[in-house]
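Here is the structure we will look at.
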Amino acid sequence: MAIKRSHNSPPATEENLLTPNPTIEETEKAAAEIRPQSLEDYIGQQDLKANLKVTIAAAKARQEAIDHLLFYGPPGLGKTTMALILAAEMGVNCRITAAPALERPRDITGILINLQPRDILFIDEIHRLNRVTEELLYPAMEDYRLDVTIGKGQAAKIRSISLPPFTLIGATTKVGSLTSPLRDRFGLIQRLRFYAVEELTAIILRSATIFNIPITEAGAIEIARRSRGTPRIANRLLKRVRDYVQVKGETIISPQLAAEGLNQLNVDSMGLDWTDRLVLKTMIQQFQGKPVGLEAVAAATGEDAKTIEEVYEPYLLQIGYLNRTPRGRVVTSAAYEHLGLLAKLPKNKDRSLPLFEF
């Protein structure tokens, strides 16, 4: 019996190369090798680096822990890397965990008790902390004190344990999902932005040197243009293009070979993959380019609504292919042009669609 592939299914050979979330390969030794070890080595995020240099210098002069920090922005932009750099600059340890791993009070209690003076605790996806764990962090962040409840019912007692001064660094893709009491306890809240092509080119050339991958600057630019403004994706695409060039029997990554390899992987000239194009084409063809809600797009494409919102939408919004209006998501004329669907552009649709409708 022949099995037909649904039009809503990606090609069987396609990897999810453009997800900003780390793969298993990227969480192991290879990622450690390409991670910058100091602020000087860190490429991009100039405003953030300038602020952190002042914070580090002041904390060192006073011999104090850095104030608590909150990093927010799309995944893959370097929040974890920046936490590790801060620890290295301060000469302290960095304990890394994620909010979903802190299910029970003893999970966070054990970590806090074992921190050394001025150590850094990095909590990824901090917006997903449960209420009990979050409330344990309040006195820990404010007074370096851990309040532990011993016993149950009327016999319950609260025991306070002193903690050494430490720095909590939270990372989130949804800063608006943090409760006000938690957000207000961070002394510095910084946004990480998408990277420019020039910055990604420098990152790719640096990674190519570390991995001993021959590449021209033009080849690096071609990969950078398709990397969705995200270093993690840039390094991933570099490795896949390296494989393509090797199998082709070539010795150096040129812009032509980079373009060929990425086209074969369904990554187009703007960094859109199969799913990006499916989302945009569905909104254009099935909903006639009219404003449409997130759940409707998810149902029509067969993709998870959360995945569309957190993985695909940020970049489409960034490059101006998608707008959010009070009535729903709207595809812009720039996206029609990129997809070769200008003929389907509604006649009353201006070439520069405003971000909001009035």
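Glycine residues also receive a Cβ, built from the backbone N, Cα and C atoms like all the rest.
Swiss-Prot lists 1-24 with the feature region 'Disordered'.
Annotation source Swiss-Prot lists compositional bias 'Polar residues' at 8-22.
Look at Swiss-Prot and you will find 13-195 tagged as region 'Large ATPase domain (RuvB-L)'. Confidence over the region 'Large ATPase domain (RuvB-L)' (13-195), given as mean pLDDT on the 0 to 100 scale, stands at 89.
In the three-state DSSP classification, GLY76 (ATP binding site) falls within coil. Residues annotated as ATP binding site in Swiss-Prot: ILE34, ARG35, GLY76, LYS79, THR80, THR81, GLU142, ASP143, TYR144, ARG185, TYR195, ARG232.
Annotation source Swiss-Prot lists Mg(2+) binding site at THR80, citing sequence analysis. Within the same chain, the residues at least 6 positions away from THR80 (ATP binding site) whose Cβ sits under 8 Å from its Cβ are ILE96, PHE122, ASP124, ALA171, listed in sequence order.
In terms of DSSP helix, strand and coil, the region 'Small ATPAse domain (RuvB-S)' (196-266) has 50 helix, 2 strand, 19 coil. Under the heading region 'Small ATPAse domain (RuvB-S)', Swiss-Prot lists 196-266, citing sequence analysis as support.
Swiss-Prot lists 269-358 with the feature region 'Head domain (RuvB-H)'.
Its Cβ taken as reference, ARG324 (DNA binding site) is surrounded by 14 other Cβ atoms within 10 Å in the chains shown. For ARG324, ARG329, the entry in Swiss-Prot reads DNA binding site.
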Exercise. Hey, what's the widest CA-to-CA gap across ILE34, ARG35, GLY76, LYS79, THR80, THR81, GLU142, ASP143, TYR144, ARG185, TYR195, ARG232, the ATP contacts in the record, in Å?
Worked result: 37
